[in-house]
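A short worksheet on the structure shown next.
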Amino acid sequence: MPKNSKVVKRELDDEVIESVKDLLSNEDSAEDAFKKSELIVDVQEEKDTDAEEGSEVEDERPAWNNKLQYILAQVGFSVGLGNVWRFPYLCQKNGGGAYLLPYLILLMVIGIPLFFLELAVGQRIRRGSIGVWNYISPKLGGIGFASCVVCYFVALYYNVIIGWTLFYFSQSFQQPLPWDQCPLVKNASHTYIEPECGKSSATTYYWYREALDISSSISESGGLNWKMTVCLLAAWVMVCLAMIKGIQSSGKIMYFSSLFPYVVLICFLIRALFLNGSIDGIHHMFTPKLEIMLEPKVWREAATQVFFALGLGFGGVIAFSSYNKRDNNCHFDAVLVSFINFFTSVLATLVVFAVLGFKANVVNEKCIAQNSEMIIKLLKMGNISQDIIPHHINLSAVTAEDYHLVFDIIQKVKEEEFHVLQLNSCQVEDELNKAVQGTGLAFIAFTEAMTHFPASPFWSVMFFLMLINLGLGSMFGTIEGIITPIVDTFKIRKEILTVICCLLAFCIGLIFVQRSGNYFVTMFDDYSATLPLLIVVVLENIAVSFVYGIDKFIEDLKDMLGFAPSRYYYYMWKYISPLMLLSLLIASVVNMGLSPPGYNAWIEEKASEEFLTYPLWGMVVCISLIVLAILPVPVIYVIRRYNLIDDSSGNLASVTYKRGRVLKDPVNLEGDDASLIHGKITSEMSSPNFGKNIYRKQSGSPTLDTAPNGRYGIGYLMADMPDMPDMPESSDL
């Protein structure tokens, strides 16, 4: 065995005869030399040493090929399906153009500061979420584990949506599109339209019956939907192959998955602007309803959208930034990605409402034609006098303006019995006011609009390919938020962990591809993410601002960025953001308590949705999702508060420190050939001649080794010791 290893082993086997306090108070010459070599260093020498340390760690940790790849990864993670089908819905529902004002205010108050905070801690500590929060405060290390659990819950159902999109994408290569017309049913005597489709619409029927083959309640499983099972498997295979090599594989895919949606959105916008009625949709979208903007609910929903749009609390932001160089300007990244996300939402909203404006005009034209025929019948029956109809109006080919004129005249003349005539006003605004969100927007409203497009299969292929890319970009960040912290903490091979993670997720995800699977997607979306993520981000803000110390964090940022961040962030992180987050958390809990826990079930006989409450077992599952997501926080706190698990071996996310910098994960102290200095092989290291007065706790000690900086780990004695005076070796060595 090399001599250096013997020295290390002898030192590790010594009994503890002094406490840390005694160790620090020892004043012999060797200890003075040790302290000076560690703490009193020339500024230039310290910079050189730090640079060496940083480069060594960076060489060992994967890194982004370039800044563009990293920005695209963060944009791909933050820009997702919510930008296309949730933001437009909220904008329409909460005051149109006026909704943008509270959204922008909350983006500045909550979004950018907290996004900057997550980028900074990931880049500074260069670990995933588990390692980051272990470093900030070991007792709050459960925050990282909670992030991983929430990420996994979200990944389970989010990839199901990608599976649905893959199914529609595969069905788009047909002319006409399969959801263009209601199917016909033949019997012995005649042919008729499928009753369920006739009561709803072709696109609605295709979604619920052909795609999902949905059951009438969450309690009615109905078995697996094999088409969606195959699509879910394909979705997980795609994610696994993209993530198996970490950022080395997913980073290259980001060039396509992050940029392609913008190409499609711009193409859709240009095409939609030439469609009849598209301007009506955009005008309706940006007509501000200022009275709605003053309602507290609008601000709560805007804050929630900001929160989820940037992916705060998932761990993906921290994981991606951990592969950056420490001197990267993460403040610029935070502002850039946040505003790219916002403008993407506005662009998607323009596209959505241009298309919905076109759809509303198509529906309105049908409405006018049907009601004009009804007026002609009423005229023939004598229910309406021909004299009240203006002579210049031809009801067989009436325009929208002429129809509205006739409608108003009939309404005034037949005021008392007008409701018996059952005439519809056929206003475009009425159709646009029918708020559609989520899957209803993507798989029902948009698909219906595209059936009226010239070359509809081409636009359908482009639209669903865009959704696949948006979904995969978010999935990469979500999976990275799970894989990176586990690999950093437990030193598992990334390839093996990725395969196991995806395989297990597919097996669990089979509950989402039952005939009742859509109802479980709704359950997970409502209960597994919203409340747990809010709690996680509140704890993140508190951990940095009040546990680690906001002043110390600002100094770290100054050292890392080369300039002091604006004082604005100091006040946001310490006062405003925590108060806003706590208010949002309380409002969400109250809203969840007041809203009956349930889901919208598709009733086949009625061919419509009906709100149903969850059964007792469903309520238990909902509560369990919230509890399981948050459980790691109190569990880890109790374990580390009362030292219930021996962490002296450095296996539970221990890290090594020097002046607040992470150097390297500690090696296992029990190995004979383990090097204590930067993990170098023994032949490369100088003899670590510690004085006789430096002792360690035994490896079997029930308490944790504690460094003078108060952190868990073995860091203080593992730091570089330049200019260490030679000490005579003990005679027994």
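Glycine is no exception: its Cβ is also placed from the backbone N, Cα and C atoms.
Copied from TrEMBL, the annotated features are:
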- G76, V79, N83, N341, L470, S474: Na(+) binding site (BINDING)
- 70-88: transmembrane segment (TRANSMEM)
- 100-121: transmembrane segment (TRANSMEM)
- 142-169: transmembrane segment (TRANSMEM)
- 226-247: transmembrane segment (TRANSMEM)
- 259-282: transmembrane segment (TRANSMEM)
- 302-323: transmembrane segment (TRANSMEM)
- 335-356: transmembrane segment (TRANSMEM)
- 458-483: transmembrane segment (TRANSMEM)
- 495-513: transmembrane segment (TRANSMEM)
- 533-554: transmembrane segment (TRANSMEM)
- 575-594: transmembrane segment (TRANSMEM)
- 614-639: transmembrane segment (TRANSMEM)
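Long-range contacts of the transmembrane segment (226-247) within the same chain: residues 62-64, 73, 159-160, 162-164, 166-167, 170, 211-212, 253, 320, 323, 472, 475-476, 479-480, 483-484, 494-495, 498-499, 502-503, 505-506, 509-510, 512-513, 517, each at least 6 residues beyond the stretch ends and with a Cβ under 8 Å from a Cβ of the stretch. Take the mean position of the Cβ atoms of G76, V79, N83, N341, L470, S474, the recorded Na(+) site; other residues of that chain with a Cβ within 8 Å of it are V75, F77, S78, G80, L81, G82, S258, P261, T344, G473. Here the transmembrane segment (533-554) touches the transmembrane segment (142-169). Their Cβ atoms form 3 or more pairs under 8 Å, with each pair 6 or more residues apart.
In this chain, the transmembrane segment (259-282) lies close to the transmembrane segment (458-483): three or more C-beta pairs between them fall below 8 angstroms, excluding pairs fewer than 6 positions apart. Tallying C-beta pairs under 8 angstroms between the transmembrane segment (495-513) and each of 70-88, 142-169, 335-356, 458-483 places 142-169 first. Around the Cβ of V79 (Na(+) binding site), a 10 Å sphere holds 28 further Cβ atoms from the protein chains shown. Highlighted: of the candidate stretches 142-169, 335-356, 575-594, 142-169 has the greatest count of Cβ pairs under 8 Å to the transmembrane segment (458-483). A simple way to gauge crowding: the CB of L470 (Na(+) binding site) has 28 other CB atoms within 10 angstroms, across all the protein chains here. Other C-beta atoms found within 10 angstroms of the C-beta of N83 (Na(+) binding site) number 24, with every protein chain shown included. Each of the binding-site residues N341, S474 was ranked by the number of other C-beta atoms within 10 Å, and first place falls to S474.
Of the two recorded stretches, the transmembrane segment (70-88) does not lie close to the transmembrane segment (575-594), with fewer than three CB pairs under 8 Å once pairs fewer than 6 apart in sequence are set aside. Listed as Cβ neighbours of the transmembrane segment (575-594) (distance under 8 Å, sequence separation of 6 or more from its ends, same chain) are residues 106, 109-110, 113-114, 296, 300, 303-304, 307, 530-531, 534-535, 537-538, 541-542, 545.
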